[in-house]
């Protein structure tokens, strides 16, 4: 479809009026699961969300937020905020990073592209460094993809390979880092048997080393830079498996916050720093927690921390992590092309839009919502507000986060009369849920519920409409379960806390004084998912969705 005015024009909905203020509220990490002591949402007794579920059954339902419904390879793949907001904003299902990488590796096309050819130029004399999350969680990376990339790089000429492995414990169980490191070591040993000099060079926990996002805490990236590029870290080991085991024994240590370490040879020297003439590939397929490192690796004018030494390298991402910034400028697999998303359609049809969250999720209601695109479509019709997140802490310390501030700014935007749509992300359930602190997550859910209340009260005052949903599950089930669905126990008989997302469905609710009589959720879309939400809120704005969008979840029944 072209970009002329007529091509972007949305048809009027035959039964629903225009002119109502619509609030689209995304509760991050808020799925639906059986009520029990490990369901932080249930224990929190969230009265607003409870009333939406039980007050009008025809205006509340569950939708899918994982697997194929959000473009991921299998139904075992849990959703995440990136793909969730892509689907919410795009109104269609696009193959996402993990699936694109799978296809490129399976076909071998990854080795035929410009990105791989670019880094391959260093294979003869330099070292290939692979940096990323060592995990099978499938949210940011997958270990099997790394193993295939190692084999493929060796086959295509890499003679010296170093892996800088970040431990997970967030999308997978805490403590799983040891097994992942052992698996990686076995793969590297197989390469060594074939004459390839392949070793782990450094490591550290993802939330303490390298993988910050939205410029929340550059010290995280600096710790990674020091270990990976400079070969400097407070802990030195000869063996990476031993490194992880020993560092996990430190007080309050866990996989997410493992201290940075480097691997050294018999003389105590790092087995590899990143030097002039080397190649670097960041193998995460998810963008948000690679952008800051990509800037440090690629930008000549960089002032976020003292890099000390900036090697002349050839760098490529697994995908391009930021389309507007063209960052990185080289990448192995092209990211999904998402055009004609709902945000641009609404703006081109005169819908004045307000988007708000705090730093840790601000990019989700803007960049990811808008199809991996930064900036405004029309500054005269849009306003994006970022509330600075707390930095330097784990979010269970302050589980309320900035929910109140987000709600206040959104309330003010609604009452100002300047906007036709407000969309917000309330991060509490997800960000605090990732800490594994159930008590704090309960408080987080209460705070998010209170924020929803404030926004809905504003919608009530202006005679508007609300749509409340979530991007994926997390806080609703915070324990690992066995095949019988019972809480799983570790070797010491302790319950294994779950810090990852889930594959549970998420709620969606509609209502408000501006909702036309007879509007209800359809019964003929039992497998509806996040991609159906865009057409739904387009209808609430009084417009039909584009014909290729996933169908709206609502219908209007004449009374």
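Yeah, the Cβs are placed from backbone N, Cα and C, and that goes for glycine too.
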Using only what Swiss-Prot says about Mn(2+) 2 binding by 28, 471, 472, identify which of 81, 447, 500 is listed for that site too.
81
According to Swiss-Prot, which candidate in 129, 140, 330 joins 170, 171, 206, 213, 286, 287, 288, 289, 361 at the substrate site:
140
Position of peak Cβ density within 10 Å, selected from the binding-site residues 28, 171, 430, 471:
471
Using Cα coordinates, what distance in whole Å links residue 434 (Mn(2+) 1 binding site) and residue 171 (substrate binding site)?
8
Determine the most Cβ-crowded residue among the binding-site residues 434, 472, using a 10 Å radius around each Cβ and all protein chains in the structure.
472
Between residue 81 (Mn(2+) 2 binding site) and residue 430 (Mn(2+) 1 binding site), what is the CA-CA distance rounded to a whole number of Å?
9
Sequence order is fine: just name those binding-site residues in 140, 171, 287, 289 with a Cα within 10 angstroms of residue 501 (Mn(2+) 1 binding site).
171
Return only the integer: C-alpha distance in Å from residue 28 (Mn(2+) 2 binding site) to residue 140 (substrate binding site).
17
Checking your reading of the structure: which of the binding-site residues 213, 287, 430 lie inside a 10 Å Cα sphere centred on residue 472 (Mn(2+) 2 binding site)?
430
